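Per TrEMBL, the features are:
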type: DOMAIN; residues: 94-316; note: domain 'ABC transmembrane type-1'
type: TRANSMEM; residues: 33-60; note: transmembrane segment
type: TRANSMEM; residues: 98-119; note: transmembrane segment
type: TRANSMEM; residues: 131-151; note: transmembrane segment
type: TRANSMEM; residues: 188-212; note: transmembrane segment
type: TRANSMEM; residues: 233-260; note: transmembrane segment
type: TRANSMEM; residues: 294-317; note: transmembrane segment
Amino acid sequence: MRNEEGFSRRGAAEYTKPPQQRARIGIADRDDVVGALMLAPAVIYVIALVAMPFFLAIALSLSGATVGNPAIQQFVGLDNFISVVRDAAFMFALRNSIIITVATLVLLTILTILQVELLARDFPGKRLAQILLILPWAMPVALAAVGWLWLLDSEFSPIDWILRAVGLLGPGTVLGPANNLFYLGREWLGIGAVVIINVWRALPLSTIIVLAGRTAIPNELFEQAELDGAGYFRILFQITLPALAILLIVAILFTVLVIFGDMTVVALTTRGGPGYTTEILPYWAYLKGIQGGALSQGAAIALFLFPVLLAVSILALRMAYRRQE
């Protein structure tokens, strides 16, 4: 009895803590508090670099602000949006944005699947191929643009030189009598050049995203399918692609968010030309708001991107949730 009583007294002394100490331990052990503290830097970052510019763009679009008079006190309502929509260049920019984005997505999806299927297999030089895969994504955009401008040069393009060497370009050939194709000076060649550069930039990241899911598929599934007599395309469409559907949706969503709202490639290569053939909404917003000095109209053009990207994001996320169910 004494031992038990003594033990109970010692236990009470050991496990009885002052209220302040218990409170400190309780706060540190609360997952919601710790989670909020961990997320605070990211939330502050998003508010500073995304939310504040977004609300500033809304304020500018509803004002008559210009470069010479950047004050936003002059409220003009929806006049800037109406003026932008009535401009003939708006439909050109919207059409070009949709064409370039859709073409990029189609080509990117096909090449991503092919590249993932290749990298999922063992072959000599696989490690080197994986390292080279990252280079387009890691390379600075300005440096990449210089390289592409050289490849697509109207006089010294190495692509044209190869085509002339194999007899596909020049007088009496399939591609016409000219010795150069002038990639950045023709409508559809200019659009094609922008699409190819976009795909070249986005392919590494989309491949890495999808490849992570491809390596997680058990090899036993493929071996069993081959034993059952299934061919490559049947395995691809009935096993591989359904298993990778969610990751493909994520890769496509990320590509849309980047490509549709990015003007870097157009600004560094075609500059919207020839004419308006490669002028997209982000670049037109830059021309109107920065070069043209109409800050309010530039902000209105940029805000047209928001509902489009929001709708695409909601659609893609709903598709992903349905695939999970």
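Just so you know, glycine gets a Cβ as well, placed from its N, Cα and C.
By number of Cβ pairs under 8 Å, the transmembrane segment (98-119) is matched best by 188-212 from the list 33-60, 131-151, 188-212, 233-260, 294-317. Taking Cβ pairs closer than 8 Å, the transmembrane segment (131-151) reaches residues 115, 119, 157-159, 193, 197, 200-201, 203-205, 207-208, 264-265, 268-269 in its own chain, all 6 or more past its ends. The transmembrane segment (294-317) makes no contact with the transmembrane segment (188-212): fewer than 3 of their CB pairs lie within 8 A, with pairs spaced 6 or more apart in sequence. If one looks beyond the transmembrane segment (188-212) by at least 6 residues along the same chain, the residues whose Cβ comes under 8 Å of a Cβ in the stretch are 96, 99-100, 103-104, 107-108, 111-113, 115-116, 119-120, 133-138, 141, 144-145, 148, 152, 181-182, 244, 247-248, 250-252, 254-255, 258-259, 265-266, 269-270, 273-274, 277-278.
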